[in-house]
Amino acid sequence: MEKFRKPLALFSTILAFSMLASACGKSNSNEPQSSALSTPSAESSAPASASAPASNADPVTLKFWTWHPSADLYKSVIEKFEASHPGIKVDLTVMESKDFQTKMPLALSTGEDLDVVGVQTGAMPKQIQADLLPLEDLISQTRPDWQSVISENSISQARSQADGLKFLPMASIGSMVMFYNKDILDGLGLPAPKTYEQWKAVSDKLRETKSDKLSVAVGGKDAWIMDEVAWTIAGQQSDLYNQWRYNGKKLDGPEYTQAAAGFLKVFADGIINKNDVMDMDYTSSRNAFTSGQAAFFIQGTWEANLLLDSFRKGNQVNINDVGLLPIPSVEPNGTPSIRSFIDLGLGIPAKSKHPKEAMQLIDYLIFGEGNDLLASTFAFSTNKIGFVPDASLLTTPTAQESYKTLSDLLNHPSADRNNNSPFSDVAGQLLQKMLISKVTPEETAKAIQKEFDTGKYPNE
Amino acid sequence: MNIGLVTRRQKRIISVFLYAFALMWLFPFYTAIRNSLKVNGIRNYVDLFTSDLNGISLLGTFRNSTLIAIGSTIILLAVGSLAAFAFSKLRFFAKETLYVSVLLCLAVPGVVIMIPFYYILKNLDLYNTLWSVIFSEAVLTLPFAVLMLRNYYDNLPPELMESASIDGASKLQMFNRIYLPLSTPALINLGVLSVMWSFQDFLLPLMFLTDKSVLTATVAVNTLKGLFGFSPADLGKFNAALVVLGMPAVVIFLFARKYITNGITSGAVKE
Amino acid sequence: MRIKAREHATGYLFVAPLLVLFAVFLLYGFYFIVHASFFNETLSFRDAKYVGWDNYRMAIEDSRFLHSIVNNLAFAAAAIVISVSIGCVVSVVLSIGIKGSKFLGALFFIPSFMPLALIAMVFSIMLEYRFGTLNGLFHGIGLDFMAQRWLSDPKLAYMSVISISVFLIGLPMMYYNADMTTIDSSILEAAVIDGAGLGRMMWNILFPLLKNAHKTIILSTLLGSFREFERVFLLTQGGPAGTTENTSVYIYSFARSAGANIGFVCATSAIVLLIALSISVVQLLAFRTKAGKGGRR
């Protein structure tokens, strides 16, 4: 008991104090501590110099939230920006993607002091557009010729996502592609698979040789990844995704059923071992690949920096050579492809006190040098016309060829990767169900359509 | 309760079973520690504290966790003891109805109340401040605090009250001078328990704290995992962070087990 | 006996801080849930559209939601069985004074002091099929057949979620330890003289004597079951394919998705709240039977 004297004394003092407060606070009975409450500890409030141009006056700190690429990759880019834009500082927060999907819209609607926010295309722009500034005028002032810097297609896609131009796209990304560990394929004496049979040969040989390596690493625990894989397989046949997303085509017809059956076949043929992947999430599947435990890794094009030797060395990824291919067509008559769309949008919250400075950062990251720097990390494919990555980064023939494959895939997508992410999680769950139970592809397609019809998932 | 009821042989058999059970027990600990040494060995721990994790300092997140724990505990003890005293020793209109209503709120699940809390905190301008979690945790723990402290005050003899009122002390003085000091054991139990619960909390800080400067340790470690560019080196750090997250529990066990046990069991059914 | 107005006022002054907090957060919160559940709106709370009982209809028609309620109860039932059996036996056995019981006690207690989120994250690493340490151990000692899909086989995934309850028996043990100190050891001595063996004594005498602890554990586990979130969310994400999803994970998944209809989230919340409150009423009744005014010890 003795040794608790001090804390006790403290407690009782505080108690006594709070009682006093509650006694005195009788008259303003609504919220006794209300004065103490309103000091947000998170506030890093920049001096409110309104929209005065940033010159040698007080520096403006831009609060910038996004989810991609990583803080490490942004670091040097932002340092350069700050050096060339004296008077502007950038306070960057990078979140995990799912986290960002929840928290950024929340922060916008609570009036958090943000100046630049990443915008995920798909479901998000419609949800947050009322909190974003229209950018048309701002960008025209900063860079009058902006429309000729990035591709026309990317601009029209950005305009279609919200009422008016509410964000500008840093890049286009696509999914799902397949990264391969060339070391493992070489060890097996097999080529990088262009056809379904060649793909199957890899997993068969791994099994025969009782190898401890995994054939395909993919995040089977994350439902959205399963959904994206199924859509990629659907894309080998048609642009069903666009028809569903924009024209109200149903998913319980033969097209999606075929995609679901193809998806199931990849597992049934043992190419993807469901035992191995159904409890792997994004991170653990990526880890299985980067630690050299898997021959293939299925994920989006945003992981393309795995192609770079410099990136692998810097991140302790001990694979000599990594390549990229589309997922081979399950049906012989299909075309291997991906869905792609603009992504990594940047917008300015309507409540930002420094829209002009914010636009300078956006300009730098989308039209200026910053975009080139980031694009050279291969964490996305830029929309800038005529951008050529530093060829010296692609150190192996595999890497060079893979980069070409990547560009082709992104330039000729089967459909838009304009995701309806809430529904993606649900559809993915039904696909998982097909894998672990006796539900047929037909029933799965029906169940997915039925779930969609409940109206719980807006599809604007 | 050791009364020599058990023969030596029985003891030995039981020991064997118990130790086998304990071995199973140790396995998660083993998993955590082994993984934390993967890739870069002990350097994972060093890196964890010396470098930022995606721009977040782990020590900073522990500081936030501590501030939240202290803040919510203070509010809990202050508000809880006042109310419990009134429910126990004072008479006022609809007292029992109020008390029962408060106890009913023991059942309110965090996820369910999350959206309204979000809306309320947003309008109080508290969203994304440590206060948001401090208040939410205090409100959700208050029913237990009132239950526990009222039980305690009920057991204090009413004669204290009578003798004090002869002295002409006001109710507030009575509480301050007599009942509050007498209830310190219960307050300590509750306080320690509340600090522990606050450290364990995951959902509320996950929902209400978005800015990297206010993240708590548990949430920061969890969100670390899904970040883009998570490399093998980061995996080592992540696993080391898991072990570090478990440390406060060991500290609590070593220094405050008694208070936790007393606190938890004082909410038990008794006859 | 009449109470003076002044006395009323004093009483209310003492409970005022509590009432203010509850009015601001809980009372208003409940109103908010019920009110919002009749609208179609997003988290921005703009352009709310009145939709009547539609959200409730969608909730009740969703088999995933009903399944999650059943899961809550199933996990609670399993936790109760584990607490009352393993928790009780371990508590008793630790009290008969075997060597190292202090160390063992510590071992069994410490997990209950840790964040559940941490335990779930460690278990999810440990139980992975391909790279998990548990299967690694089984392969290592030649028990290959024991290496199972702990998280992706629906039945085993249930077991995995439940196994965390075993890891958390520290909590029920606290109740049993407290209750055992109140047992009159002469009863046990008398039983020994009658020639009762250890097993019989345990089941016929000790177990019934601990009925208060049983009761507390059952009620608090039931009550806690609707609060459970981290254990499922961080271990299985409700998977495989939603098999282990509980109400918290279900509601959370809708609350966090982009552009979600918050009215629907509130309708499910209202239903879950109603169930949780009814369990709370049962608990209160159980408390009240013996613990009338001033009757508490």
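Residue numbers in this text run from 1 along the chain shown.
In case you wondered, yes, glycine gets a Cβ from its N, Cα and C as well.
All annotation found in TrEMBL is predicted automatically rather than curated by experts.
Per TrEMBL, transmembrane segment is recorded for C:12-34 (among others).
Positions annotated as domain 'ABC transmembrane type-1' by TrEMBL: C:69-283.
Within the chain, the transmembrane segment (C:73-96) has long-range Cβ neighbours (under 8 A, six or more residues past its boundaries) at 104-105, 108, 158, 161-162, 165-166, 169, 171-173, 176-177, 180, 202, 206-207, 210, 213-214, 217-218, 221-222, 224-225, 228, 232, 246. What TrEMBL records for C:73-96 (among others) is transmembrane segment.
Taking Cβ pairs closer than 8 Å, the transmembrane segment (C:103-127) reaches residues 90, 94, 133-134, 150-151, 160, 163-164, 167-171, 173-174, 230-236 in its own chain, all 6 or more past its ends. Summarising the annotation, TrEMBL assigns transmembrane segment to C:103-127 (among others).
What TrEMBL records for C:156-175 (among others) is transmembrane segment. Under 8 Å from some Cβ of the transmembrane segment (C:156-175) lie the Cβ atoms of residues 74-75, 78-79, 82-84, 86-88, 90-91, 108-113, 116, 119-120, 123, 127, 148-150, 213, 216-217, 231-232, 235-236, 239-240, 243-244, all in the same chain and six or more residues away from its ends.
Among the features that TrEMBL reports, transmembrane segment is placed at C:262-287 (among others). Cβ atoms under 8 Å from those of the transmembrane segment (C:262-287) belong to residues 30, 32-34, 36-43, 45, 48, 51, 55-56, 58-60, 65, 69, 215, 219, 222-223, 226, 247, 250-251, 254-255 of the same chain, restricted to positions at least 6 beyond its ends.
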